[in-house]
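Taken from TrEMBL, the feature transmembrane segment applies to 121-140, 172-194, 725-745, 757-778, 808-828, 840-859, 866-886, 912-930. The ATP binding site annotation in TrEMBL covers Asp234, Lys235, Thr236, Phe356, Lys378, Arg413, Thr493, Gly494, Asp495, Arg642, Lys648, Asn671, Asp672. If you look up TrEMBL, you'll see Asp234, Thr236, Asp668, Asp672 marked as Mg(2+) binding site. The active site, 4-aspartylphosphate intermediate annotation in TrEMBL covers Asp234. The coiled coil annotation in TrEMBL covers 427-454. Among the features that TrEMBL reports, region 'Disordered' is placed at 519-539. Residues annotated as compositional bias 'Low complexity' in TrEMBL: 522-537. The domain 'P-type ATPase C-terminal' feature in TrEMBL is assigned to 695-938.
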Amino acid sequence: SYESTCYLDTAAIDGETNLKQKIIPSCFLNISKPEETKFELQCDQPNEDIYHFHGRITFSSDTNIYPCDNNNILLRGCVLRITDSVDGIIVYAGNQTKVIRSSKKTSSKHSRIEKYINRDVLCSSVFLIFLCLLGAGLSLRLERSFGNKWIYIPFILDNPFQNAAGHFFTSALRFVILFQVMVPIALYVSLDIVRVLQMYRIGRDKNLKYDHSISCHTFTINEDLGQIGYIFSDKTGTLTQNELIFRAVSIGGVKYSNRSELPNEHDPLIHQFLTALAICNTSFMVHEQRELMYRLDYQPKYEGDNADDLVLCQAASDFGVRMISRSAKTIVVRYIDSTDTQKEDIEYEILCLLPFDSSRRRMSIIVRTNNKIYLYIKGAETSILPNLSDSNDQDLKTITEQHGMDFAEQGYRSLLVAYREISFEDFENWFEQYQNAANALDNHEEAIADAANRIETNLILAGLTAVEDKLQDGVPKAIATLRCAGIKIWLLTGDKQATALSTAQAASLVNMAQTVHSDNDSLSSTSLSSSSSSSSSQNNESVITAWDFSETAQAHLKRRTHMIYYKSQLNEMNQQSDTQHQATIDEIRTSETIARISQDITAQQLPVCLVVTGDDLSLILRYRPKEFIRVAGQCQSVILCRVSATQKRELVTIAKSVFEHRILAIGDGANDVGMIRRSHCGVAVRGREGSQAVAAGDFAVDRFECLLNLLLVHGAWCFTRTSELILYTFMHNCQFVLVIFYYQLFNAYSGTACLHSLYLVLYTSLFTVLPQCAAALFDEHISAERALREPELYQYTLNGKSYRKHSYWINIFDAIWQSTIIFFINYYSYQHQSNIDVLSFGFLLTFSMMTTSLLHVLIQTSRIDWSVVGSTILSFLVFIIFTLIYDDVCVACSPYENPYKVSYRTFRQGRFWFANLFILITALLPRFTVKCVYNTIRNPLN
C-alpha cells in the first residue's frame, strides 16, 4: 500500500465509523521484498483484548529485536479502505482470533424483585407443607377414630393401625399433588411474558426516540428501573454532545482565538506550539485530490480515532501550520506566512511516538529535522506541570495556569503543550532503554510508561489549548428532575476539577453561589461579589421556575449546595517520612480524611456535593474503599475528576456491595464498558466513540434526558405493575387451594376435589390470567405527566412501598378471608338441599372464585383502564361460553366426572345468584374498605 500504510473501516468490530490507519513494522520499511525474508514473530497468547498487541520480530540474519504492536495488526472483520491490497501473515486464526474471543456472553442480571419472589415462594412452600401435613394427620386421625370397625368403612382400604408412617406419607403426597398450585411456579413464566411485553411498550415510546428508538437488550431488570438510587455518569459524550469546538489558545501568556490575532513577526514559541499541535497526534490524512497537494491552499481531510487530536490538528491548520502528509517514517508540515502568499514545507522524521495512556495522561512524539531532535508533548496540566524545567519563566507559568482556570470556568477542556530539544547522545541512550521496554512481553505497558517518564522531563512550556464540548439539550432539566426524585448522581470524568465543576454547575448538578480558583487542581472557594452572586441566584431561580415542577421540587432545587473538597491532611504527624512507612501514612491519612468529611456532611443542613480527584481516589480504593463509599453515599452528588476506566469499574463494583438501592451506570465510550457491565442497570448513550458501550449496555439511548421517561415513568410503572402481578398471583393461588382444603373437612380428608378436573387446570392458566396481565401492562399508579412534574413521587417505588415484606402476608390473610367466605356461604346456602351433587357444588365454588378474582383485579388496579375492563369482561365471557358448551356437548367425556347440564341447572336457581352477590360483597368489602381509607389518609401518591 502507498507509503507503507493502509486504512481500515472497523465499524463491524467497534462501531466507530472513522477510518483507522495501520503501518507496517519499522523493521520492514527498508526491505523491498519482505515476503522473501526469514523472520520469527513472538507475541502474546490468544486473548480477547482488541486494543492491545505485544510482539517482537527477530530476523535469521540479524541479532536485533524489533517491536510489533497494535498499530501493525489487522483484526478479523475489518474492511480495507483507500488501499488496494496488503501482504501479511496470520497470527491468530479460528477461535483464537481476538474478535471471536472478545464476543463472549456477559453475565445475566437479575432484578431485586426476584429476591422478593424467592422469599415469598419459600413462605408459600412452608404453608403448603403445613397444609399437607395437617391434612395427612387429620386423615389418619379420622380413620383411626373408627377403631376395629374400619373394615366396614368403604373409603378406608388399608388398616390405619398398621404402617402408620407409610399411610401418613401417602396421604401427605396426595395433598401435595392436590395443593401444588400453592407454590406458583407458573408465575416465573407469566413474569417473563409480561416483562417482554413491557419492554416492547418501552421500545415503542415516542418520548424515548430521537434519531433512534431506545434499544432494550434485556428484559430481566425492568423493575430495577423503578428503584434506581444512584446514577454513575460519564461526562464527555454522555452529558455533553462530544462535538468539540476550538475556542482559543494561550501562547506565551497571551490568548489567541484566531489567526488574525497572531503577531506578524516570527515568534519561536508560537512556531513550536503550533508545530506540536500539528504533529503530536495520531491523526492521518485522506487525500481526495492528491494532485492538488502542492497548492498553497490545499487542505487535506483529517481522520483519526481521537476527537481532541482532530480538532487541534485542524486548529493548527487554520493558524497556518498544516500537516499535509504523514507516513510511518515522516511527517510533512506546511508553514504558511501571515499574508497567505508564501509557504514552506518542512519534513520531520518520526523517531518515536509515545501514545496517550490513562496513567501518564499525556502523549508525546520525538522527531528529527535539520539535524536537531525535538520532543513535543501535550496532556493534562497535572501531568505536564511537574515535568517542566526550572528554566521556565515563573510569571509565564502563573499566567498560563490562570488562563487554564478561566477556560475551565467557561466549561472548556484544556491541554498543556510543551517541548524540549534532545541531544543525539541523550536520545540514543534513552532509545536503547525504550526498545528493551517495547520488546518486553510481560508488563509491557508499565515498561513503556517508565521509559516515557525518563524522556518527558525538563520541558519548556509552550502554551495551552481550549476546546468546548457543549451540554446536550435537556441535560440541566433532566439532572434537576432526577435530583428531585431522590436519585443521587455521581459524575465520573477524566477532566480536571475546575472543568468538571463548571460542567456540573451548568448541568444543574450543583447550585453554587461562588466561583472556583485552582492551583494545580487543588481548589479553594472564594465568594463572588454581592451583585454577581445575586444575579446568578436570580438566573438560576428563573430557570427553575420556568421548568414545570411542583413547589416542593422547585424549593429543593433552589437550595444552595455545600461543596466539600476531598483533600488529604495528616494531622499531628510528620508527612516527610521514608518510603518504608509511606503506605502506613497514606492509610492513616485516608482514614482521617474520610472521618473528617463524614463529620462535615453530618453537620450540614444543605445538600452536599463531594469533590474528589483521581490521585486521592487511588489511595481511597487501595485502603478504605467501602468506608469512603458509605460516607459519599450521604451526599446528594459526588464529582470525581481525573478518573480512569479501571477506577470507574472499581467504584461501581464496591458501591454495589455497599448501597442498598440499585445502581445505574451510563456512558458512551469503551472506557465506560466496565462500569456499565458491573452496575445493576447499564445504559449506553449512542455517540461518536463507537458501539462498545451500546453492545455492553442493557439499554441504549440517544440522549441523557431519556433517563427521565425511562426511570420516572416506565421504571416506576414496571415496578408497581409487576408487584401487583406477583402479589395477586400468590393471593389468587392461596385462595384456590384453601377452598379445596375446606372441602376436605367435609370429605373425610380423602384428597379429592369437588371441582371438575378441567377447571382445576384452566382456572389459573386461562380463566383468570388475562385481566392481571392487562393490568401488568397498562395500569398506571400515576400519569406520565405527573411523574415528570412531581419527580419526588419516584420515591414511592424507590423505597419499594408497593411491595414490602408484609405485603405478602396481607394478601395471604385476604386469601384466607375470601376463601372462607366463598366456601362456607356456598356450603350453608345449599346445606339442606339434598339433590345437589358434587360437580354442581364444585361449579358453585368455581363460579364464586371466578367472579371474586376478576373483580379483585379491578379493585387492585390504580385506575380503571379500558384494557383491564375489557380483559375482565372477555375472561368472564370465555368462562361462561366454555362452561355452557362443555356442559352441553360433554355427555360421557369422563366416566366419573360427567358435567352434562350442570351449569344449566345451576343458573336457573335464584339461590345461586343471591348467594354469589352476597359472596362478592362480603369477600371484597375488607379490601375495598382498606384501600379507600388508605388512599384517603396515608397514600404517599396523594
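The backbone N, Cα and C atoms fix where each Cβ goes, and this holds for glycine too.
TrEMBL labels come from automatic prediction, so no person has curated them.
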Request  = Give the number of CB atoms, excluding that of Asp234 (ATP binding site) itself, located within 10 Å of its CB.
outcome  = 29
Task = Could you tally the C-beta atoms, other than its own, that fall within 10 angstroms of the C-beta of Asp668 (Mg(2+) binding site)?
result = 31
Inquiry  = Counting CB pairs under 8 Å, which listed stretch among 121-140, 808-828, 912-930 touches the transmembrane segment (172-194) the most?
reply    = 121-140
Request  = Express the distance between the Cα positions of Asp495 (ATP binding site) and Asp668 (Mg(2+) binding site) as a whole number of Å.
outcome  = 16
Message = Should anything in the same chain at least six residues away from the coiled coil (427-454) have a Cβ under 8 Å from its Cβ atoms, list it; otherwise answer none.
response = 42-44, 52, 54-56, 65-67, 69, 351-352, 354, 357, 359-360, 364, 366, 373
Which binding-site residues sit within 10 Å of Asp668 (Mg(2+) binding site) - Cα, from Lys378, Thr493, Lys648 = none
Query = Quick one, of the binding-site residues Asp495, Asp672, which Cβ has the fewest other Cβ within 10 Å?
reply = Asp495
Message = Can you tell me how many other Cβ atoms are located within 10 Å of the Cβ belonging to Thr236 (ATP binding site)?
response = 25
Chain-internal residues near Lys648 (ATP binding site), provided their CB is under 8 angstroms and they sit 6+ positions away = Phe232, Asp234, Leu492, Ala665, Gly667, Asn671, Asp672, Gly674, Met675
Task = Take the Cβ of Thr493 (ATP binding site) and count every other Cβ within 10 Å, whichever protein chain it belongs to.
result = 25
Task = Summarise the model confidence on the domain 'P-type ATPase C-terminal' (695-938) as a single mean pLDDT, whole number.
result = 90
